[in-house]
């Protein structure tokens with residue numbers, strides 16, 4: 001008897017938990033290896049971590065202003081649509097669905113599976129098939145929960161945020177204790193310039209920014225936030241500062257205990273750390289890390305389903321995905337849509353190749369979204385925003401994002417070219433389906449059959465039969 005819509009259930013605490021839960025996940029436990037490998041030394045890797053934190057703060061501030069200017073949910077998609085137009089927003093949606101989100105979810109799922117099994121197989125590495133099986137089971141559990149209840153998904157995210165901070169504390173405290181005792185041998189010659197390779201730095205930034213990624217998650221659920229004009233800026237500022245401090249201390253703890261070659265050789269850095277520093281917690285920390293990854297998966301599904309929901313409402317995605325479950329008030333079709341692609345990427349993917357693959361597209365469109373903030377300010381100077389950042393913040397963030405994206409072609413041309421091709425493949429789809437002024441009948445046909453090939457197949461079969469009948473009639477007439 002009531003209207004069906006997504007309720008405002010995200011308070012300031014839940015928004016903070018969503019951001020912490022999305023940022024502190026697999027990244028800090030797998031990215032140190034990627035950052036160190038591509039930065040070349042301990043000192044430069046710490047500089048990269050701090051620079052990624054400052055860059056994330058700039059991006060978070062830009063998105064906080066966009067969230068107060070544009071009142072719709074949808075995150076990157078709706079910001080690009082409202083500021084730069086339908087073509088770039090559809091290209092983002094296309095890349096997000098087929099590349100960015102499934103690859104990101106696969107990376108987090110694989111990290112979950114690896115850390116969950118690590119205590120059972122230590123000191124050996126867990127078998128890859130077992131890791132992938134547990135990864136998929138974890139992802140399916142989160143998928144089911146998000147289909148069942150918004151409230152319980154938010155409550156789980158709050159609880160897991162506490163677990164994430166506890167996991168970081170169990171790494172930071174023993175590391176700081178050892179550092180205070182004088183264990184500084186791994187920091188000798190920390191800035192070794194001979195091992196620095198400039199063309200690999202974009203990949204180091206990709207790994208670092210992956211660990212921080214999640215500061216934009218509140219913008220995806222803007223319509224479900226209580227007092228968004230106040231709570232979005234507060235949540236992003238507090239959460240990003242918390243994560244920067246936590247990540248810097250965590251990395252210092254890693255390098256206090258582990259030498260460079262140990263970090264590079266470890267498939268699970270946090271487990272290697274505990275084996276050296278705190279053996280009594282050898283079975284506890286991996287489980288806490290796995291739960292952190294579980295929370296990141298939950299936040300990712302929670303927010304991306306809202307992107308598909310909004311895109312469908314805006315007419316750039318099939319109408320089915322703007323539907324809400326009548327009793328549960330969850331965007332059920334949008335939640336379930338990622339199931340096959342994530343399954344495929346978990347089965348065939350490797351963490352670090354997937355990381356480079358989706359990072360190109362993600363940071364390209366985040367840079368375009370903050371460019372859109374500059375454009376929106378210029379076009380609408382009369383619009384009052386309750387939260388406004390200095391102009392140099394979006395300008396600096398946009399330039400750095402686009403420059404890093406351009407440089408990454410030299411660092412990893414194969415994976416970056418695949419990501420670029422995935423983005424460009426959206427052009428013909430946009431002009432054939434979205435942009436072209438079709439009749440209502442044809443538009444409905446394409447919308448309903450885009451993801452339901454049996455319906456499309458039936459339609460084509462019917463048309464082919466009609467065509468054959470016409471040809472037979474012409475032959476008889478002739």
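Cβ coordinates come from backbone N, Cα and C, glycine included.
Among the features that TrEMBL reports, transmembrane segment is placed at 12-30, 42-64, 76-100, 120-142, 162-183, 203-221, 233-257, 277-297, 332-354, 360-379, 391-410, 416-434.
Simply put, out of 203-221, 233-257, 391-410, 416-434, 391-410 has the most Cβ pairs sitting under 8 Å from the transmembrane segment (360-379). Sequence-distant contacts of the transmembrane segment (233-257), counting only residues of its own chain at least 6 positions beyond either end whose CB sits under 8 Å from a CB of the stretch, comprise 12, 15-16, 18-20, 23-24, 28, 32, 42, 45-46, 49-50, 53-54, 56-57, 60-61, 63-64, 68, 165, 168, 171-172, 174-176, 178-179, 183-184, 186-187, 211-212, 215, 218, 263, 269, 273, 276-277, 387.
Against the transmembrane segment (416-434), stretch 76-100 has more CB pairs under 8 A than any other of 12-30, 42-64, 76-100, 120-142, 162-183. For the transmembrane segment (203-221), the residues of the chain that approach it from at least six positions outside its boundaries are 10, 15, 18-19, 21-23, 25, 27-28, 31, 33-35, 37-39, 44-45, 48-49, 51-53, 55-57, 59-60, 63, 66-67, 73-76, 79, 104, 107, 231-232, 235-236, 239-240, 243, 247, 296, 299, 302-304, 306-307, 355-356, 359, 362-363, 366, 404, 408, 411-412, judged by C-beta separation under 8 angstroms. Here the transmembrane segment (162-183) has Cβ contacts under 8 Å with residues 20-21, 24-25, 28, 246, 249-250, 252-254, 256-257, 270, 273-274, 277-278, 281, 284-285, 288-289, 291-292, 295 of the same chain, all six or more residues outside its ends. Distant neighbours of the transmembrane segment (76-100): 63, 66, 70, 216, 219, 304, 307-308, 310-311, 314, 316-317, 337-338, 341, 357-358, 361-362, 365-366, 368-369, 371-373, 375-376, 419, 422-423, 425-427, 429-430, 434-435; these residues of the same chain sit at least 6 beyond its ends, with a Cβ under 8 Å from one of its Cβ atoms. If you look at the transmembrane segment (12-30), the same-chain residues 6 or more away from its ends with a CB under 8 A from one of its CBs are 107-108, 111-112, 115, 154, 157-158, 160-161, 164-165, 167-168, 210-215, 217-218, 221, 225-227, 230-232, 234-236, 238-240, 242-243, 246-247, 250, 268-270, 289, 292-293, 295-300, 302-303, 351.
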